[in-house]
Each structure stands twice: as structure tokens, then as C-alpha cells.
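Right, one structure below, let's go through it.
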């Protein structure tokens, strides 16, 4: 008998076992799990650190905890009902059918998005269903961290005054009735997906929605205390930069993971993301120097964020030179709305958006979606999008129509979030006050959590053994007074 020819595929790449089925691509699966981890690190610890550092000292614990709580809550809600509402079978043109994503038979099978098959008007197949070469478990987790960071971004608008119990109720309700609608409509096979609206990695689903919802929630919650609105310095600028750095580097997974494969489009997306972020940071800093005579570290972080947000809807769809254009505009237009328009428009002054999420995410996200409608390159679009011949307006043909579709898609996300966020806030306020009490607003973390961020006697406070106890690193408290107030 003749021996069978040797398998030309190295054993490490061979399939056909229960843990390595023939459809599994180890490279794609590895990159998808790495991407999910990078996006998760943007939230925990990235935004947890950034929020805990960029706020006034008395709100450091509460701000960090709001981000941490949202992440944990979304994970549970996502696997019980949220994932299938966003990526499962269609219930409505903008919503999937709720259901758990927890069973072994579901999670170990090949990932697929059942409503993404695209047909021509005459019924012929245009683009096959999205079926990545890794298990459903990787897809569920990757999309979960996107949902979680959306709620955490939204929290930035209501830091320093939202009742933590109201926030605990808000997170699952907004995830269910807002996020899942945008995700299914634009990514999961909903009406905007099949119409050809371009949102590569969440400029609309994540950033526009969180920016509009955060601004709306800020209106219903009400403003911070008068003292906090007048003076709200960051308590640790260097630690804030560490959180911002995690956010920037984590964006490689944010945009690089959305082709659902380790392919050339993923590489384009990662490079474009960094080009745009760097350009935007520099432009924002230059504008600060030109108009305010000194560079601002906080301003540089804002510019970095607007660049990352702006490139997100088109990261793998535009050329590198276009990413520079995105960065120039994302570093200047949100700067103008935040530094000039905000100070002159009564509505923006009336609504207390703590971290300016409306400018850094809503404005930048909508800007990115519109620019994608202008600069999306046809060949790159064909690598990623379900609708044939999709292109930006500058490439002629149907590009002008696609630009208008981008504006309509953005309008849908804006309108839905204005209405649904308002309904959720009003409903919660009937049961739980949205805003903290005046006493809590005055004291901060100690009143809300019974905890403080730093073991320091701060704000010029003298050491008081009846309040602080006898265990202290301050060895000078029992020395004779010199008549001067101790400041540690």
C-alpha cells in the first residue's frame, strides 16, 4: 500500500479537532481577542484613571467608580440580552430580538451576523453574510467592550452631581433602549446598514450617541454646585495623562478590530487612527498657543480625543492623506465649538456638560461621519462595506448620494438619543432623584461613598485627631503650633 502524502499544512495550523475546527483562523481569532482586550483597557483602567484624575479631588472616587460600575453592569446585561438585540435576528428594522448569549452550543460555533446578507433589488446576492473565522464567543466579547465604553463616555457629561443610584438604574436602561438600536441599525444588519451608511468603527454608534445622550442627560440631571462649576481643577494631571495614553494606544483595537479579521484593512485603520490623533493634538495645541499664549496639557488631551473620535467612522475607508485632513478639522472645529461657541451660546452655558463630551464626541463623531462621506476611497470601501460601489463624494459617481446618507444616518442617531435618553431620565427621576442632595454636592466622595481618593489632609485643613484618628504619616501634628496653618 502507498502511504498517504504528508499534510503540507504545519501541524500547528491544522484544523479538524474540537478546539480547532476547520473554519477557525488562529491569527484572526488572536487579533480579535487582542483588540477586545485593548478596547477593554481603554475603559478599565483607561477612563477609570482619566475620570478619577481630571475631576476635582472631592469627586475622584465617584467619577472613577461610575466608569467601573458601568463596565461591569454592561458585561452582564450584554450577555443576557444585549448582544442579540444588537447583532441577532431582526425584530424591527432597527432592533434585534433579545436573548441570551451564554450557551456553549452558541458560543463555540463560528461567529456570524445573521442579518448582514445584502441583496440587490432583483433578489440576487450582493454581499454574503458576515461570518468571521473565529467563534461566537470572540465576537460577543469584542462587541461587549464597545458597548461598555459608550456608557462610560456618556458618564463624562454628568460627573460631579449625578446620584450614583440613579446611574445604576440608567446604565442597563440606556444600553437596552438606545445603544442596541444604533448598533443593530448600523452594524448588525438594520436599515442603515443595508442602506449603505458608513460607520467603520463607531463614530455614530458610540461617539455621536454618547455625546448626544450625555448632553441630554446633563440637562435632566441639572448642573453641579455653583462652586464646582466656577472652579473644577484636575486633581492629578500626570495621572490623567496616563489614562489618556491608555485611551490612545487602546484605539488600535478599537479601529483595528472592526474588519473582524487581521487583514490589510485593519492595518490601514490602525495607521490612520494614529495619524489623525497626532495631527489633531498638534492643531489643538497650536490653537491654544495662538489664542491663549500657552499650550494646555488638558487641551492636548482633548485634541487627541477628538482626533481619535473623528477618524473612527472612516478609519479603514480613507487614505493616509485624508487622515491628516480629518485631524486638522477635528483639532480645530471642536476646539472652536468648545472654546468660542460654548462661551457665547446660552443653551450650551445652561447645560452643565462636565467634561465637554458634546464637543469631543458628538461634534467630532458627526464631523467624522460627514468627512467619511466625502473621502471614503472606493477600493477600501469594497474591502469592508456591504453595498457595492460605495464611495466618498470626491470620487464622483454615487459619492454625493452616500454623503447625504451619512447626514441622514447621523440625524437618526441624534433624534433617537434625544428622545430615548429624555424618557429614561424622566422615568428614573420618578423613583430615584437624578441629582445628589445639596449636602452630598458640597462634601463629595466622603458623603457619597464614605471614601476619599487620597490619604492627605487637603485644602489647607489642620490635623484634627478627633476626626482623622491617631494613626498618621504626619509626624508634625503634635508639635507646638507656630501660628501658621499646616498645609500638606
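In case you wondered, yes, glycine gets a Cβ from its N, Cα and C as well.
The transmembrane segment annotation in TrEMBL covers 30-52, 64-83, 139-159, 171-192, 204-222, 234-254, 266-285, 297-315, 321-342, 354-376, 407-432. Annotation comment: TrEMBL describes 30-454 as domain 'Ammonium transporter AmtB-like'. Annotated region 'Disordered' per TrEMBL: 467-488, in sequence order. As annotated by TrEMBL, compositional bias 'Polar residues' applies to 475-488.
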Residues from the same chain, set at least six apart from the ends of the transmembrane segment (139-159), whose C-beta lies under 8 A from its own: 32-33, 35-36, 39-40, 42-43, 47, 51, 55, 59, 62-63, 66-67, 70-71, 73-75, 78-79, 82-83, 86-87, 101, 107, 111, 132, 167, 171, 174-175, 179, 183, 202, 205-207, 209-211, 213-215, 217-218, 221, 254, 257, 260, 353-355, 357-358, 361
Stretch contact, the transmembrane segment (407-432) with the transmembrane segment (64-83), Cβ-Cβ under 8 Å, 3+ pairs: no
The transmembrane segment (266-285) touching the transmembrane segment (234-254) per 3+ Cβ pairs under 8 Å rule: yes
In contact by Cβ distance (the transmembrane segment (266-285), the transmembrane segment (321-342); 3 or more pairs under 8 Å): yes
Recorded stretch, among 171-192, 266-285, 297-315, maximising Cβ pairs under 8 Å relative to the transmembrane segment (354-376): 297-315
Folded-back contacts onto the transmembrane segment (204-222), same chain, C-beta under 8 angstroms, at least six residues removed: 146, 149-151, 153-158, 161-162, 166, 170, 174, 178-179, 182-183, 186-187, 197, 309, 312-313, 351-354, 357-366, 368-369, 409-410, 413-414, 416-418, 420-422, 425-426, 429, 434-435
